[in-house]
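See structure below.
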Amino acid sequence: MSYYWVALVLFTAQAFSIEGDRSASYQEKCISRRLINHYQLNKEIFGVGMCDGNNENEFRQKRRIVPTFQGNPRPRGELLASKFHVNSYNFEQTNSLVGLVNKIAQEYLNKCPPVIYYDSFVEKSDGLILENLFKTIPITFYHGEINADYEAKNKRFTSHIDCNCKSYILFLSDPLMTRKILGPQTESRVVLVSRSTQWRLRDFLSSELSSNIVNLLVIGESLMADPMRERPYVLYTHKLYADGLGSNTPVVLTSWIKGALSRPHINLFPSKFQFGFAGHRFQISAANQPPFIFRIRTLDSSGMGQLRWDGVEFRLLTMISKRLNFSIDITETPTRSNTRGVVDTIQEQIIERTVDIGMSGIYITQERLMDSAMSVGHSPDCAAFITLASKALPKYRAIMGPFQWPVWVALICVYLGGIFPIVFTDRLTLSHLMGNWGEVENMFWYVFGMFTNAFSFTGKYSWSNTRKNSTRLLIGAYWLFTIIITSCYTGSIIAFVTLPAFPDTVDSVLDLLGLFFRVGTLNNGGWETWFQNSTHIPTSRLYKKMEFVGSVDEGIGNVTQSFFWNYAFLGSKAQLEYLVQSNFSDENISRRSALHLSEECFALFQIGFLFPRESVYKIKIDSMILLAQQSGLIAKINNEVSWVMQRSSSGRLLQASSSNSLREIIQEERQLTTADTEGMFLLMALGYFLGATALVSEIVGGITNKCRQIIKRSRKSAASSWSSASSGSMLRTNAEQLSHDKRKANRREAAEVAQKMSFGMRELNLTRATLREIYGSYGAPETDHGQLDIVHTEFPNSSAKLNNIEDEESREALESLQRLDEFMDQMDNDGNPSSHTFRIDN
């Protein structure tokens, strides 16, 4: 109770004191009227009304001081900021945004220097943001202004002038103009800072305008009811292909407030298409291009035509579609009149964006990358030549086949040139060879017999019986040389006949230029221009004589039907190999010929899918192709296609001829066939042909000579008749008439004897004259050999002349010639009708 009484006493005392203060009055000085008017003070507050007369400035009322604050008083800093129209909250928001942008630039954009774009509205209203950002950004950057039409004043920033990547930071009042400024961005990271509302930002992220900007981060300010508090910044991105229609949905990542992220573990640029394409259906244009795309037409049970596809690219894309959760709708590429090839038509469809993907074994080239995009190469291919090659050299070439033509030339020079040193060492002179072709012929047959072992010379006058050591050494060297050569020759013939000999094939550009081939290629698909400006000299020479055809079948037809000039066709090696395997066999072409693909690649290419430019699904499909290559799935697909589509009816894989496949022949022991020995028969047939030709020429020559004699005789008889008629007035005497008849009979008799003389007798007379020329000089003086055909020179038969001949062989030769002359005289007497006497029986 004592506590209550004490409190009551204190409260009563305080109440009385307050009442006393109110009743007490004190005099204060009044404020002058000049100060009140100058500072516009309240006259009622500053006590002007209480001052009267001359003492108006002597009293004023002091302001009552209350120690307890009531309400929410503003700090002095805020009061000063309001007086100078400075918003401290906006200043803090600016610093917060600058800190957020600096954090994003340092953590996500440091590898790719950012390009900062800002429009005129942001520059004028939020100029303090740009100023602070340019001063504090920790990495290298570019910046440029956007004009009123939302176009960058410096457009070079958006083009890649080098291989370095770029990123973008945009300060825009209208987020819908982002793609107009930057265009599609599938790889670069884009940060958009906008003052628009959250609803407008969500509309932008859901629209088609943001579908081509893959790595997009949008920063929007969250509006609150109390504008004096710090407002957070919300960070958005979008999810591409959220459903089967390919639409986008906005995604909230995190927020930024008080210098930190609410969820700092979140990646601000997450990977897209982690769950695929949500069953989206891609439109694909394809054309038949084996072995990459097979177009197979079949009939179902009802008789309706069915079209199905197969091949390396089809199976690869089907595998990727299952992994990325999308479906494909393949349509056959239509034929257009304004395009020259199927690939050009597919590229036009891609540029027009009527299809999403194009596949037809398309080569990745610089020209196609200018108007469209292509995937990474999934299969290698090369441009190769196809020619008509022989499986083996013909067997009739076995005679000349063992040696090349330089060896044959060297052998001919050695053996024909060996005539002169052998003759000179044996006779120590070459005078008897000059003009005597018979002796040269004998020596030729001698060296031919040495080489072929077909003849043996054991006569007294053969070189093998010579007594001179130099001749024997020379013949011995030729004999050793001949043994080695004949051994090589016979062994090579055996190998050539029993084993196949493969001819040279065309495997390079130099082979085509050296063998004078006609070369052709396609006039569409880029083949007509790819090698036009080549700096390779052989390629430029080859392109100058290039012929262009409309299809691959036409080119292969030119190869198989080439007759006088060989033809080579340049095309895809994979396609040519399949066409040869499926359409051409040994029976279709020849038993000895085959279509050959060059081993050397004329140009190496990579095959890929065709996409529209800046397509967002290209990067994901490229990553799957690289993964399939790394894991060996593409090699597995190639083997499966080869097994299913390129298998013969017997179960074996079809083989196209190449240098290796031509040589992959199982060798086995076998007997020689007629085809193996046809060279011998052809050689014999050649001999018969030459003999028949000589016989025909002799018959024609004999008939011609006979006709000439008849014509000459008729002319002489006509001339004699004319002379007799002209001299008919002059009569011959009996002696003159008898002499005239005798000469006439002798001429007729000589003509009949010459006609009866056979070919062998004439050659025997020629041989006798030749022997006289060779051996007659040893025992007889120089005689006129020009008269040998008229008068037979008598050889010396006395013992005195024979003693003058020292050489025994020469004496034997002269005796043989003498006996030959006697025999010839006897033959002449037998053929002379005047030597016989005919009696008439009475």
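The backbone N, Cα and C atoms fix where each Cβ goes, glycine too.
These come from Swiss-Prot:
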type     : residues : note
SIGNAL   : 1-15     : signal peptide
CARBOHYD : Asn325   : N-linked glycosylation site
TRANSMEM : 405-425  : transmembrane segment
TRANSMEM : 437-457  : transmembrane segment
CARBOHYD : Asn469   : N-linked glycosylation site
TRANSMEM : 479-499  : transmembrane segment
CARBOHYD : Asn533   : N-linked glycosylation site
CARBOHYD : Asn558   : N-linked glycosylation site
CARBOHYD : Asn583   : N-linked glycosylation site
CARBOHYD : Asn588   : N-linked glycosylation site
TRANSMEM : 680-700  : transmembrane segment
REGION   : 722-745  : region 'Disordered'
CARBOHYD : Asn765   : N-linked glycosylation site
CARBOHYD : Asn797   : N-linked glycosylation site
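Structural mapping of features recorded in Swiss-Prot.
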residue	record	Cβ neighbours (10 Å)
Asn325	N-linked glycosylation site	15
Asn469	N-linked glycosylation site	9
Asn533	N-linked glycosylation site	8
Asn558	N-linked glycosylation site	16
Asn583	N-linked glycosylation site	11
| task | Report the nearest neighbour of Asn325 (N-linked glycosylation site) in space among the glycosylation sites Asn469, Asn533, Asn583, comparing Cα positions. | result | Asn583
| Considering only the glycosylation sites Asn533, Asn558, Asn583, which residue has the minimal Cα-Cα separation from Asn469 (N-linked glycosylation site)? | Asn558
| message | Rounded to a whole angstrom, what is the C-alpha distance between Asn583 (N-linked glycosylation site) and Asn558 (N-linked glycosylation site)? | response | 15
| request: Could you state the whole-number distance in Å separating the C-alpha atoms of Asn558 (N-linked glycosylation site) and Asn533 (N-linked glycosylation site)? | output: 26
| said: Check the DSSP secondary structure of Asn325 (N-linked glycosylation site), expressed as helix, strand or coil. | reply: coil
